[in-house]
Each structure stands twice: as structure tokens, then as C-alpha cells.
Amino acid sequence: MALRGVYAQLLNRGPGLRVFRSWSSATAQTEKGEKTQSRSAKPSRPEFDWRDPLLLEEQLTADEILIRDTFRTYCQERLMPRILLANRNEVFHREIISEMGELGMLGPTIQGYSCAGVSSVAYGLLARELERVDSGYRSAMSVQSSLVMYPIYAYGSEEQKQKYLPRLAKGELLGCFGLTEPNHGSDPSGMETRARHNPSSRSYILSGSKTWITNSPVADLLIVWARCEDSCIRGFLLEKGMRGLSTPRIEGKFSLRASSTGMIIMDDVEVPEENVLPGVSGLAGPFGCLNNARYGITWGVLGAAEFCLHTARQYTLDRIQFGVPLAKNQLIQKKLADMLTEITLGLHACLQLGRLKDQDKAAPEMVSLLKRNNCGKALDIARQARDMLGGNGISDEYHVIRHVMNLESVNTYEGTHDIHALILGRAITGIQAFVAGK
């Protein structure tokens, strides 16, 4: 379904959304009128809006703004009310995937197969709005779009695309991506999961385990990477219910609690030959998927950082100590200025990367640069905001501590902060330093 059409439908669903539309229009008209009066009263002078310091809005297309505003409304009105208890109780709401599917937000950059076919920037804007609410929700969407739908689209057969992509796009199926193993995180080349070919049954027998897999306990479709007898790594499509396949949940997380995380355990799981992804072999396959997912993360974490900035700003304006607002303190203003600076620079870098991505000019190192920078800066901002809220900063009702906990994970997964430093170091020097002495 076209996202423009979805936007029109969403706005017509209820009075609350019509109020949002009216408020947005009225606000825009009021601001326009104020600016007009200001220009007539004195010579024209560029105005600074701290909410959009370098005019990101002016660099987006009308469609991108429309898509973002649609999803922002959904996130704030449908997801934000759920997240407090979901995080407290460590509950993943499966229905949000179906809801996002109805909005056309799953696999949105894919052309055809019931997908929206929007720009990479539009996808980034979606990730930003989703992670403004919670990193766990963004993780679920990111896995579905970049780690499940993308490899089927990029490496799958036409039969696989027709069979799975439309149902994944609608949220009827939920997928997961199995690469990380108990003994192999940053070094997937040491993969121990094995796939033995059985010519007589035209199938592969998979044995091994994967861990820290987002969505695995509730997944209908599992993309698993395994080493074949020729030592080549290939991707396999496993379906829920296959004999020998289990996906136990990992309990007791203090991060991404609104996301379902688990293992994939394969005890001689028989997978038909037609379930092998034919278009890729070797680590280029999973790395290509991760590159797409990391791009979404670069946008998403800034949404979380923006939430923390806005919360800290309002709190320090409202909180009176020693007879004045905390925001009157020079140290507080410096912290807010530092936060705003890093978020602004990060967003404009994301915009440039998105445009390059749509032109097929985005090198993996570019993504590593922003994944490393934006995740690290977002975590720093969340920690600062937590501190600025004082004792209230550890209360989940203010949401900032939840973002701190979540960003600790996001700074680690899909390439740790240090691994991305080594990727960039190799690009700078021409020398790989992943293993000392090699």
C-alpha cells in the first residue's frame, strides 16, 4: 500500500489524529504569520530554531515529511502508552509488527512485493521516530526489515521472494536473523553451526546454536547462517515448527526489555534445498544485511538522544533550586548545548549517508563511522540527561533511564564500538588490527 495513501487513512481514523493534523497546520500558520510580521518590522535576519538548528526539514522531500509525520503519530499515540509497562514486565507486544505492517513500514525501501519502495532517508526517519519511543521496538522493526526481508530480496530466489516478502511486509510473519553464536560474536568467521548436504533427500541438516537473537522466541521465519561442508557460509530459511528446532527465550535482561531475545538451537534440523539463499555465499551475505541494519541504527539512536535532550531541557526549566530554575545554571546550559550539537551533526551526517545510499555510493566504512559515532554520542547524551534529572533520573516514569539501559546494548550489537574503530582504522592505515600479529 502506498505510504501516502496510508497517511490519508491514518489521519481520517479518529478525532485525535484530526486534532494532530489541525494542530500541525495551525502551528505552521501561526509561525508563518509571526515570521511575516517580524520581517515587516525590521530587516530580514535568519532565525535560529533549536529544534532544527541546521534546517534538516528543508532538506527532506514532501513524501519523506509525510511518511515521518504518519509514523510519528502512530509511535506517540499507539506505542508510547504501552512502553512503560512493557519494559517493566519484559513483554514484547507481537501485534505492533502487524500494526506497522498495516502502515506499510516494514521493509519500506524494497521495491514491489507489497513493500512501499521509499527512500533510504525515509527509512531512517522511521527508525528515528520508533527509537524515540524505545530501542527495543526499533530493533524488532530493524530485524524484520534489514536482516530478514533484505536478504530474501537481495539474495533469494524469485520463489522465495514471492512466498515470504508480502507476508513479512504485512506483518503476518515475524522473522529473525541468526548469526551470533555462544563462542563467536565479533568474529563470525569462527562459526561452528554446520550444514551437511543430503543429496538423497535434497536437503541440508543443520546443527548448532545461535544466541542473542532478536525476535527468535516469537519468530515464524528464521534466517540462519551456517558453514557447509565446502567451508562456505550460506544462508538458510528455517520455519517455525521444523523438527529439531527450538528458540528458548533469554530471561533477565536489563536492556531492550520490550524486545524478545533468545537463542536458536538446531538439533539436526532438516532444511529443503529450496530454502537455501542462492544469491550469496561467504560472509558477504550476513555483512551486507548488517550494513543495512546499522544504517537504520545511526538514525534510530538519535531519536532516543532527542527524547533525552527534550526531557532534560523541560525538567531543568521546571525544576527550581536555590530560587531559580536549574536551566539558569551555566553547567546545565553547556550540557544542553553539547547535546544539541552532537545530535544536529549526527542527523545531518545521516541525511548525507542516506542520499549516498540511494545513489549506491555508500561504502560500508561510512556506515561504520556513523554507527560508532552516533551510538556512542547517544549513550553519552542519555547518561548526561539521567544525571540532570537527579534522583528522578532513575525512575522509569521519566523514561530516560530506560533509554540509557537500551543504548548500552545498541552501542554493542551489530558491531561493537571498538570493532567499528578497527574497521575505520584498517581503512585509514591499510593494516587490519583485528588479530594481533597477523
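The backbone N, Cα and C atoms fix where each Cβ goes, glycine too.
Remember, predicted model here, so these are calculated numbers, not experimental data.
Taken from Swiss-Prot, the feature transit peptide applies to 1-44, supported by sequence analysis.
Around ASN292 (substrate binding site), the C-beta neighbours below 8 angstroms that are at least 6 residues distant in the chain are SER146, LEU147, TYR150. Look at Swiss-Prot and you will find ARG138, SER139, SER186, PHE287, GLY288, CYS289, LEU290, ASN291, ASN292, ALA293, ARG294, GLY415 tagged as substrate binding site, backed by similarity to another entry.
The Cβ of PHE177 (FAD binding site) has 30 neighbouring Cβ atoms from other residues within 10 Å, across all protein chains displayed. The FAD binding site annotation in Swiss-Prot covers 177-186, 212-214, ARG319, GLN330, 387-391, 416-418, PHE434 and is backed by similarity to another entry.
Marked as N6-acetyllysine by Swiss-Prot: LYS240. Counting only same-chain residues six or more apart in sequence, the Cβ atoms lying under 8 angstroms from the Cβ of LYS240 (N6-acetyllysine) belong to ALA219, ASP220, LEU221, LEU222, THR247. In the three-state DSSP classification, LYS240 (N6-acetyllysine) falls within coil.
Annotation comment: Swiss-Prot describes GLU414 as active site, proton acceptor. A sphere of 10 angstroms centred on the C-beta of GLU414 (active site, proton acceptor) encloses 23 other C-beta atoms.
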ASN183 (FAD binding site) to GLU414 (active site, proton acceptor) - Cα separation in whole Å: 16
Proximal residue to GLY390 (FAD binding site) among recorded positions ARG138, SER186, GLY288, LEU290, GLU414 (C-alpha distance): ARG138
Other C-beta atoms that fall within 10 angstroms of the C-beta of THR180 (FAD binding site): 21
Sequence-distant neighbours of LEU290 (substrate binding site) in its chain (C-beta under 8 A, six or more apart): LEU147, LEU179, GLU414, GLY415
Largest inter-residue Cα distance among ARG138, SER139, SER186, PHE287, GLY288, CYS289, LEU290, ASN291, ASN292, ALA293, ARG294, GLY415 [record-listed substrate binders, Å]: 22
Top Cα neighbour of THR214 (FAD binding site) in the set of binding-site residues ARG138, SER186, GLY288, ARG294: ARG138
